[in-house]
Amino acid sequence: FLVTFSVLIFSTYYLNSELNFNYYCFVLLIFVGSMFSLNFSNSIFTMLLSWDLLGISSFFLVLFYNNWDSCSGAMNTALTNRLGDYFMFVFFGLSVFSGYYFLSFSMFSSYMSLLLLLTAFTKSAQFPFSSWLPKAMSAPTPVSSLVHSSTLVTAGLILLMNFNNLVLQKNFISFVLIIGLFTMFFSSLASLVEEDLKKVVALSTLSQMGFSMVTLGLGLSFISFIHLVSHALFKSCLFMQVGYIIHCSFGQQDGRNYSNNGNLPNFIQLQMLVTLFCLCGLIF
């Protein structure tokens, strides 16, 4: 609620010249509502409905600017997440099938654990499904600060935390740990050669999601959740600060064209320092 409220206020500043601003607010509220419904759902039907609404609304949010770059990013996001949706449908189908025919749950537990992990990996952009997260940066910056910090990419991790006992039943915990380490390593390497300022922050999000997955793979699900919440607050703040820099630079996102940030207000520079220190873990 806090991040959504802050992003909506920031959107009125960032997108005040857009003609279809009401359409943007409508789709954003549908997206946030589906995320809340996914978190608080207690049945398979509401979870599937919320999961699908999350994917559809994120597609339209990434497609907001209606250019080829937005279309490419939206299709990449939608198709990768749709792949995860198929895994999720099969997962719930197997669980209903085993309950309906009174079969032993252990017969399907290894397959179901694997399906659940693949669903979470696609939604949280873990290796090898990581390409959609930097592509989705063609969305407006307020969308990025909400979708790619505290909602869409965290949905896979929230799903794994909800079904934590199923994942820990079989020896998939080391698999989660290795995938999280791969995601951290490759996203950090990719950010070293990235020129787009927003994509650097997106790759930082990818690295932090990999770190949460590593923590979950170590069996520390509560610590992973605490890191998820703190990352959501500070990363959304960082996205809004980067959005302010882009807005003041007339839409320039190439980091090589920024000489220095001396023309930025001191308050923004202080905010960026505090946010980066908190993400690095230097303060707390």
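In case you wondered, yes, glycine gets a Cβ from its N, Cα and C as well.
Where the annotation comes from TrEMBL, it is an automatic prediction and has not been curated.
Taken from TrEMBL, the feature domain 'NADH:quinone oxidoreductase/Mrp antiporter transmembrane' applies to 41-282. Taken from TrEMBL, the feature transmembrane segment covers 21-41, 48-66, 86-103, 141-160, 172-193, 213-234.
Residues 4, 7-8, 11, 15, 47, 49-51, 53-54, 57-58, 60-61, 64, 140, 143, 146-147, 151-152, 155, 158 of the same chain sit 6 or more residues outside the transmembrane segment (21-41) yet have a Cβ under 8 Å from a Cβ within it. Listed by sequence, the residues of this chain that lie at least six past the ends of the transmembrane segment (48-66) yet keep a Cβ under 8 A from its Cβ atoms are 24, 27-28, 30-31, 33-35, 37-38, 41, 73-74, 77-78, 81-82, 85, 88-89, 92, 136, 138-140, 143, 147, 151-152, 155. Outside the transmembrane segment (172-193) by six or more residues, the chain places 113-114, 117, 121, 125-127, 130, 134, 160, 199-200, 203-204, 206-207, 209-219 with a CB less than 8 A from a CB of the stretch.
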